[in-house]
Amino acid sequence: MAYFLEQSDSEIFELIFEEFKRQNEHLEMIASENYTFASVMEAMGSILTNKYAEGYPNKRYYGGCEVVDKVESLAIERAKKLFNCQFANVQAHSGSQANNAVYHALLKPYDKILGMDLSCGGHLTHGAKVSLTGKHYQSFSYGVGLDGYIDYGETLKIAQSVKPQIIVCGFSAYPREIDFKKFREIADEVGALLLGDIAHVAGLVVASEHAHPFPHCHVVSSTTHKTLRGPRGGLILTNDEEIAAKIDKAIFPGTQGGPLMHAIAAKAVGFKENLKPEFKTYAKLVKSNMQVLAKVLKEKNHKLVSDGTSNHLLLMDFLNKPYSGKDADIALGNAGITVNKNTIPGETRSPFVTSGIRIGSAALSARGMGTKEFEIIGNKISDILNDINNVSLQLHVKEELKAMASQFPVYHQPIF
């Protein structure tokens with residue numbers, strides 16, 4: 001495949017190869033990123049990209065769908081088995097599309113959404129004013145207490161005051177486990193539906209390394225990449241037949257047209273990988289590696305939001321530091337460690353600067369790095385932050401980590 005690309009567009013070929021080198025030589029520690037399975041990439045690059053298939057299996061608007069019907073049906077059945085649920089829609093192009101489809105299916109314009117505050121770890125689609133959800137619906141938020149944990153008592157009070165039609169439990173930057181049972185109790189108290197957004201922790205959920213959203217959530221949304229290591233895409237799950245029918249209509253024709261059949265095939269491939277025993281071993285490694293990293297950083301007197309982590313990510317707190325999340329992001333990037341600046345609870349700086357960084361363990365765990373490597377990485381992160389303007393140190397660390405990274409190739413052959 002790469003041969004044809006090199007011949008037809010050498011510029012793009014070279015840029016992809018450049019990115020291939022970057023991913024191999026740098027330590028990818030952005031919590032939402034991961035290395036997908038090589039088999040998933042093969043499916044993504046297949047001839048299925050040529051086929052339009054508006055509708056659903058055996059209910060298409062186009063002819064010639066007999067093969068892609070089998071592909072999508074397989075993806076649906078594997079998703080249902082993986083998440084132990086009765087209904088699955090695999091057509092959502094992304095996690096944001098999945099969430100918007102849920103709202104479109106279950107809410108009316110200007111209904112009320114209660115989701116986690118963006119600065120406390122929520123996602124744009126959980127009701128942020130700048131997003132579609134914040135414009136088409138009335139959005140309200142809950143947050144975390146001084147300890148960095150979700151304050152369920154305060155969340156109940158907010159829900160009783162707001163009386164939302166839907167409550168969203170999920171996050172993009174919360175280092176602790178979600179208590180779905182408590183959220184369902186809150187939802188029942190105010191007569192709301194409960195949406196569990198497990199985009200970040202889906203891989204941990206299916207490996208029994210995080211609480212399961214069912215039977216507590218009425219509907220569950222997720223991405224298929226991140227901790228699942230599948231292709232970029234979205235997924236919606238439920239055990240309610242009526243909700244499932246509404247979701248299907250909300251995806252097509254409500255918010256999308258033709259599904260991406262190559263992506264759906266890749267999702268099916270990813271789900272099969274997730275069902276293997278080896279994936280449980282991987283998920284355990286993701287958590288144990290993050291525990292080691294948190295331990296090292298705390299021993300080096302670095303402050304962490306909620307004083308640690310229970311999942312695949314942690315947040316470093318720079319509220320009382322002279323440097324910002326942006327400064328740390330740049331310094332660590334210079335040292336070959338890719339993280340992202342992130343707002344944190346009690347944020348005082350702009351979202352473009354921030355007072356924190358988010359660090360994840362999923363991608364490096366996929367490369368086979370273990371607790372030994374994460375201890376080294378933790379010490380290097382500490383060294384960089386303690387002397388944040390020392391460019392020569394950053395370059396020295398970059399070379400050290402590049403040598404370590406070379407022992408853990410992303411892919412064992414140049415697939416790109």
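The backbone N, Cα and C atoms fix where each Cβ goes, and this holds for glycine too.
The feature (6S)-5,6,7,8-tetrahydrofolate binding site is assigned by Swiss-Prot to LEU118, GLY122, HIS123, LEU124, GLU242, SER350, PRO351, PHE352. Shown in sequence order, LEU124, HIS126, ALA128, SER141, THR343 are the residues of the chain, 6+ apart in sequence, with a C-beta less than 8 angstroms from the C-beta of LEU118 ((6S)-5,6,7,8-tetrahydrofolate binding site).
The DSSP secondary structure for HIS225 (site 'Plays an important role in substrate specificity') is coil. The site 'Plays an important role in substrate specificity' annotation in Swiss-Prot covers HIS225, and the record cites sequence analysis as its basis.
Non-local neighbourhood of LYS226 (N6-(pyridoxal phosphate)lysine): ALA31, SER32, GLU33, ASN34, ALA199, HIS200, ALA202, GLY203, ALA362, each in the same chain, at least six residues away, with C-beta under 8 Å from its C-beta. The annotation N6-(pyridoxal phosphate)lysine is assigned in Swiss-Prot to LYS226 on the grounds of sequence analysis.
The Cβ neighbour count for PRO351 ((6S)-5,6,7,8-tetrahydrofolate binding site), using a 10 Å radius and every protein chain shown, is 13.
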